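A quick write-up on the structure given underneath.
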Amino acid sequence: MALLDPAKSAESARLTGQPWTMGAHTIGVGHCNFFSNRLYNFTGKGDADPSLNSTYAAFLRSKCRSLSDNTTAVAMNPRSALTFDNHYFSNLKIHQGLFQSDAALLTNKGARNVVDEMLRSGKFFTEFSQSIKRMGAIGVLTGTAGEIRKKCSVV
């Protein structure tokens, strides 16, 4: 799946379910090399992403010591890293999305509305399951046309 395109219309986002599936970032870890540019070199001038909460950025810098750190991993959802819940969305509201694709959810009105919607009790679980179901029907490749990756980040 490509990174969220902030210019994507709300209707298109609703059809693909992308904002809801981003909620999967509520559980698991992210390796520093996939987001450290947001901490150390966001615009190529050695700066941090201004959309990232400064306290959270300092915490992340304490874990990821450099741009080239490809071994350290941090929780994608520091509030409840081992629980599948909607805290990912409340973290976004306080600018604590780990990846740039997370932050992009706040740059589009339709996606921001989804973030607010997912904070309502029970809504996330229903919408997430439906969007995963829809994604499962998108262009499924089988046989020799398909691919099973041992490392998701390597094509």
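Cβ coordinates come from backbone N, Cα and C, glycine included.
Just so you know, TrEMBL annotations never went through curation; they're auto-generated.
As the structure is a computational prediction, the values presented were derived from the model and not from experiment.
What TrEMBL records for His25 is heme b binding site. The Ca(2+) binding site feature in TrEMBL is assigned to Thr26, Asp85. What TrEMBL lists as disulfide bond is Cys32-Cys64. Positions annotated as domain 'Plant heme peroxidase family profile' by TrEMBL: 4-155.
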Which of the recorded positions Cys32, Cys64, Asp85 has its Cα nearest to the Cα of the residue listed as 'heme b binding site'?
Asp85
Other C-beta atoms that fall within 10 angstroms of the C-beta of Cys32 (disulfide bond):
23
Measuring Cα to Cα, how far is Thr26 (Ca(2+) binding site) from Cys32 (disulfide bond) in Å?
17
Position of peak Cβ density within 10 Å, selected from the binding-site residues His25, Thr26, Asp85:
Thr26
Integer Å distance between the CA atoms belonging to Cys32 (disulfide bond) and Asp85 (Ca(2+) binding site):
23
Is it possible to get the count of other C-beta atoms within 10 angstroms of the C-beta of Cys64 (disulfide bond)?
25
